[in-house]
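Everything below concerns the one structure shown next.
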Amino acid sequence: MADKKKRRRAASSSDSESDPLHFKSKLKPDSSILQTLTALKSASASSSSSRPASLSSLNLPTAFREVSDLPLSSVQSTIESLALSLAHSILAGHGFSFSVPSRASANQLYVPELDRIVLKDKSSSRPFASVASVRKTTITARILQLIHQLSLKNIHVTKRDLFYTDVKLFQDQSQSDSILDDVSCILGCTRSSLNVVASEKGVVVGRLIFSDNGDMIDCTKMGMGGKAIPPNIDRVADMQSDALFILLVEKDAAYMRLAEDRFYNRFPCIIVTAKGQPDVATRLFLRKMKNELKLPVLALVDSDPYGLKILSVYGCGSKNMSYDSANLTTPDIKWLGVRPSDLDKYKIPEQCRLPMTETDIKTGKDLLEEDFVKKNPGWVEELNLMVKSKQKAEIQALSSFGFQYLTEVYLPLKLQQKDWL
Amino acid sequence: MEVSGDSPAESNKSKSKSKTPRKPKDAQLLKQKSPAEFFADNKNIAGFDNPGKCLYTTVRELVENALDSAEAIAELPVIEITIEEIGRNKFNSMIGLANHERVDEALYDDFETDKAREKRLAKEARFQETQAKNAALGKKVKAPTAFKPTKSREASYYRVTCKDNGRGMPHDDIPNMFGRVLSGTKYGLKQTRGKFGLGAKMALIWSKMSTGLPIEIFSSMKGHTFSSFCRLDIDIHRNIPHIHVHEKRENHERWHGAEIQIVIEGNWTTYRSKILHYMRQMAVITPYAQFLFKFLSESPDKNMSVRFARRTDIMPPAPLETKYHPSAVDLLLIKRLIAETSKQNLLQFLQHEFVNVGKSHAERLIGEMGPDFSPKMAVKSLTSQQIVRIHQLFRQAKFDDPSGDCLSPAGEYNLRLGIIKELHPDMVATYSGSAQVFEGHPFIVEAGLSLGGKDVKQGLNVFRFANRIPLLFEQGADVVTRTAVKRINWSNYKINQAQDKIGVFVSIVSTKIPFKGTGKEYIGDDISEIASAVKTAIQQCCIQLKSKIVKRIQAREQQERKRSLNKYIPNATSAIYEILKEMSSSHALKRRRYEGKDAELLKQVSTQIVTEGTLREKLAQHVEQVDYEMALEYATQAGVNEEPREDIFIPPLEAEYECTELFSPIFVFRLVA
């Protein structure tokens, strides 16, 4: 009853105030928004022209393990010399063991100067003659052999392919996948240089032209679904674009909306999504775009701890792949939305907000302890607000004002107000 | 109900009804309810929800009274409980009702209409057809399932008898002890099983509601030459006993104790397992008692008799009556204490009616109360405002926590014996926490943890006890279940929550158990003091078991090490050999050059001097050697000890020693004089 009264009073006092679409009237013509975007682009181009420092140049006290792209032949020869040493050890009656860099969280370090997570150089021994490690050791040997074959034949396979070559031994794809990461650590090369790729997950649409294995692709002419990001980054070359920024989207649904409304034609941009947690290919692709095209990256994620987590994976790398963070991370991603403060600012109705579960709140509080969040005071503030209000919302919450509210009002207004962190 | 006989109880009831003339139109008429009427209307409060539950609760109340009674005179309890099924005919003859043949069949609920019969016959025919077909095809013929007639709603009746060797009851008190609701001997502040003097009376009310038959009580006290016999029921409207027979009989065998017999409606089929669980859990928490449970049916094949033998003759000391803690009293209670106290002045009152208030402390408190108060003022003259002031101060002031001395936990020793006796687990650990406080009432949490055992399901089996009574219902919301399921990380202790047979036993004793809900069936999860105490207790047990489990895993690993290592040899060697083979062929084609011993190795591979078999053999040798070394190391570490032997308990046959007993929570010293 009281609620109703309140609403009525609000309606009578200022009609425009209660109407969510009044935000539309605040919009300036597109040309002025484009001006701000151009300014953003040039600022970003000048800032990224200075090459970011590499790990070795920092002279940090601890040693780190980083991998690099290796040509196929050197992968092959590394495997071969490893196999020889294993064979010698077996023949000498010592059994064999691998020295595997530890990827546990205790061995990870966030380096603020680089703005990414790196792997320290602690490693553990994985002997064959121990019940605890015999299984992993055997799988490691088997994967090494399979990679060796790939390098001999110079072909690419997916992780799934790899798993199916010896299902009986691997039992579960997660096991072969995790050993694959171990193998790239052992060999000191990126996973893509092992010629093993994940299946396509990410998609891109918008003002981008690049060549995929020699074929020119125009991402404005790929239909609504966009172009699947090639799992093998080596195939991608010759990037050209007249976009002003890159829009990173967490969800497939929001991506669909943006693509169908041809948002990139109104504001020249490239729209990318990995449909949730990003895979290696999408991260590599984003990094390549950012480095070659010198565009600012704006992110549109859910207003929940996982949205921020996804943002952090693009920005600072995941713990699982920290050995390759140098190649996988895209620094300086701006958090455009949907931010906890937007919920009230854009008057997202109560029924579209969700209460955070206990695990959500815990994840949020854990994130507050993470270095990559702490370095950005704006993010800390937003996250504090989220944990305090105990409310989350998905990008789709904006659809409560109409399906196209996202593309027609919310994003343009955000861009106009330079409302990113 | 069709049992409206002319038993005295029934006639009494109808008489009393007719006495109060009904005035349906006069809604303003002020009515009063006796406590007995209230509980008859709301019998679910006391756990009498449906006939099945009523049977369960009746058994439970009688058993608990019997235990209390035996423990009160420090006698090792021997309790016999019998449930006897009473058939319809027998019941009718008991109440003196002639058997009626049904005349108008269609009047009854279980009447089978023509249509229903057709349907059933068709179904049976179809079933027989398939059966014949299966038999012709040589398939295994399913045991023909008997077609049960549609379940009738007819009530079934049981005579519940409980006999104990307890204190017995004073001859003159018997009627009031059974025929007056909310009268009892357990009202003081003390850890007791029952509390409100409700149990046996509720059973009587239920028997009156369902069968109309009175309760029969035999009782004799120690040293008395006579035994009492009483047959009575309860006048629900006036909450007073209605006595049929009350007489003294001869007591030749010098028996003491009580035997209570009551006939109620019940449901054995659905509550059978609950009742048996209850008895078993009771046997766990009171291993010093001997229970004999019998079920007598009309058809002898359903008869059963379970004996829960005594495993120890050490009883926990009887709980002491204690005084209130200042932070646990309310206004009403202060007034009652003032009315009841024998102390004259305020100082003495504070000092003697409460725990943890010493003389100097009481003086300071009185000083703090204000100028209206003085130590010497007469306590009975306090005005209500002054009492409010005292109450306020009690709320705000700091007092030491009450000690747990007044409590009587089962004790680790008894809990452990009980678990071993009833579950025969592979491993068991127990822990007894120190006394803690919730709202001025001390409580002690004890926990036991068992792994394996007979008749134990896989996964978590939670056994809950409050003041040494098993709790069987509303398991899901209980603090113990929640803690065990959600807050204990079992894998930390090498326990597999889904596969291992885990028994979690938690016993909480307190002067006031904070039950949730009306049925006194569970303790809520919202009291952080209790929740954390429960968690600690279970964790302590886990820690004790962990080292044992680890040792066992090591021993198993020891046995299986060679086998599990050898299993992987072919996979590992073939992987390495494949690489070598590829290399040797490219080496032979001079595509790649190797030097020194590498080249030599590759040459050996290409000339088949080193084959996969060689690698396999060498690796197997290495495994053999490692296994030998590890076995040696294990042996030196573990020593040559065998598994520790389980202690056995031999109850004394005849011997009656004069002995002094020294109690400790985990063992008892008995010094034979």
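A Cβ is built for glycine as well, from the same backbone N, Cα and C atoms used for every other residue.
Noted in TrEMBL for the protein shown:
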- A:1-27: region 'Disordered' (REGION)
- A:1-10: compositional bias 'Basic residues' (COMPBIAS)
- A:135-196: domain 'Spo11/DNA topoisomerase VI subunit A N-terminal' (DOMAIN)
- A:TYR164: active site, O-(5'-phospho-DNA)-tyrosine intermediate (ACT_SITE)
- A:TYR164: active site, nucleophile (ACT_SITE)
- A:200-236: domain 'Type II DNA topoisomerase VI subunit A all-beta' (DOMAIN)
- A:245-415: domain 'Topoisomerase 6 subunit A/Spo11 TOPRIM' (DOMAIN)
- A:GLU250, A:ASP302: Mg(2+) binding site (BINDING)
**Report entry** C-alpha spacing of A:TYR164 (active site, O-(5'-phospho-DNA)-tyrosine intermediate) relative to A:ASP302 (Mg(2+) binding site), in angstrom
**Finding:** 36
Requested in this report: Would you mind pulling the DSSP three-state label for A:GLU250 (Mg(2+) binding site)?
Outcome: coil
Query raised in the report: Any idea what the Cα distance is from A:GLU250 (Mg(2+) binding site) over to A:TYR164 (active site, O-(5'-phospho-DNA)-tyrosine intermediate), rounded to a whole Å?
Result: 30
Query raised in the report: Of all the binding-site residues here, A:GLU250, A:ASP302, which one's CB has the most other CB atoms within 10 A?
Result: A:GLU250
Report summary line: Cβ neighbour count (10 Å, all chains) around A:TYR164 (active site, O-(5'-phospho-DNA)-tyrosine intermediate) is 13
Query raised in the report: In terms of DSSP three-state secondary structure, what is the assignment for A:TYR164 (active site, O-(5'-phospho-DNA)-tyrosine intermediate)?
Result: helix
Query raised in the report: Between 0 and 100, where does the mean pLDDT of the domain 'Topoisomerase 6 subunit A/Spo11 TOPRIM' (A:245-415) sit?
Result: 88
Query raised in the report: Should A:ASP302 (Mg(2+) binding site) be counted as helix, strand, or coil on the basis of DSSP?
Result: coil
Query raised in the report: With DSSP helix as H/G/I and strand as E/B, how many residues of the domain 'Type II DNA topoisomerase VI subunit A all-beta' (A:200-236) fall in helix, strand and coil?
Result: 6 helix, 15 strand, 16 coil
